[in-house]
């Protein structure tokens, strides 16, 4: 069923002139001739026919293909662009106005896409300009590879490969070459490029209905940039398959569209047709390059991916391949101020991928220092006991945590914590450097990052990394109780900073913040470290239990806070926060294990 197309426009008859007005407002280096609506010409602001001392390069055609061609006006590319109405050739008067505006004594090259209306109107304008004394050369570009080569008088259609020709001619003109030489380079480039498009939808002209010619699950191979029928309609296929078909068509030795053979250097353009997401264009580019290299034996020197010549809101892409040599590459790499020519594509290509850098603990330390010691120090034994007790407490609490979480969250808190706890237990037995407290805490963070999903995993990793950074700042190999408290405080601060919660938000911090407060208080009072640890763990448990009396805060994206904010107060009053209960459980278990270890050692 056809329906009215949605467009962010005013009067459909004014879309081209209003586009031009917006373009020159956006780019100060561009101007337009004051001849609306009959004359629609965009020119370089620094190019005046009376004084311009280089060859003027002009292209154009029907509008609706933006950024082509007006977006490629600028030093080093086009001197002017002649804009017709949507999908309509520009008038002879517009073309003549453009020629007169920018052509100096060096003459003018017209680059014309191979459509009957463009050829006739640009041709007539060229003849009229010559009669006025201007030096004019014309190059016709027909790079379409979708339809059979022998098409009588019409010939191959001009497509996105024209953008390459514009750039090469513009760079040659900027280098000061004569009109004959600029035209020769442009003509040679036009003979070296082939293009084929694939559409997933047809386009909708301003003010008209959207066609349903291309049904669901279908794609059209070789669809024209004005919506003309292509070579075939086929079922939608994965992009790998589509790219293979397009490349075989362009590079076919039977049709000989382009003089490209194995061993040649080429440049590639992946062109979006107007409604294709950048993600899909980049996927297409990523699949096209290795196919050209491995299946066709070509050296891909440059890749240009983006929307260069569109068809209004058509979904799909075209692929253009041009045979390259050093001169052509220099023209493509030459600087330009054309606003829509892609930056960053010039130059030699470094390797596409490099190794992932290892964290400092892995790259600068020996394997021995990051493996489980053969002999544990006293600190190492205490650390081992604390870690083992903490993770076993979490493991034993899995079902309760899931039950609580099913009432206030998504029911997986216990499973998530269980995954992290079992990973820590397994990794500790294999390679935790327990005699080095800081590195052990760092490795706990690595285990958590690998094994725990969701927000919980991220926050506990942040917790571990912040504690590690504070412990690492200490030069002594033995960590004092005060230093552990400082590391604990740094970890809590980091979780609060990045998680966005604090005390009273129904999160793990409701257990850990009271624990930190009591720990610092008891250490300052002179209690021994194990006693202070146990007393602070009681505060952690009380803090976790108190979350039943709290209303979750809206907008907090940390552990249960966000989800609990949508749960009724009646339910929250019966259920403690699972994240807080998990934190209290591992903290309490570690404290009791350390206390028991000290008591056993002193008995």
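Glycine residues also receive a Cβ, built from the backbone N, Cα and C atoms like all the rest.
Note: TrEMBL annotation is automatic and uncurated.
According to TrEMBL, the feature active site, tele-hemiaminal-histidine intermediate maps to 226. Summarising the annotation, TrEMBL assigns substrate binding site to 62, 63, 64, 65, 118. What TrEMBL records for 11-341 is domain 'DhaK'. Per TrEMBL, the feature domain 'DhaL' maps to 381-592. For 339-373, the entry in TrEMBL reads region 'Disordered'.
Features per TrEMBL, on structure.
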residue: 62; record: substrate binding site; Cβ within 10 Å: 20
residue: 63; record: substrate binding site; Cβ within 10 Å: 25
residue: 64; record: substrate binding site; Cβ within 10 Å: 27
residue: 65; record: substrate binding site; Cβ within 10 Å: 27
residue: 118; record: substrate binding site; Cβ within 10 Å: 25
residue: 226; record: active site, tele-hemiaminal-histidine intermediate; Cβ within 10 Å: 19
Consider each pair of residues in 62, 63, 64, 65, 118, all listed by the record as binding substrate, and report the largest Cα separation in Å as a whole number. 15
What's the CA to CA span in angstrom from residue 118 (substrate binding site) over to residue 226 (active site, tele-hemiaminal-histidine intermediate)? 13
Between residue 65 (substrate binding site) and the residue listed as 'active site, tele-hemiaminal-histidine intermediate', what is the CA-CA distance rounded to a whole number of Å? 9
Alpha-carbon distance [residue 64 (substrate binding site); the residue listed as 'active site, tele-hemiaminal-histidine intermediate'] in Å: 8
Note the Cβ centroid of 62, 63, 64, 65, 118, the recorded substrate site, then list each other residue of that chain whose Cβ lies within 8 Å of it, in sequence. 61, 68, 83, 84, 86, 87, 88, 89, 225, 226
Summarise the model's confidence over the domain 'DhaL' (381-592) as a mean pLDDT value. 89
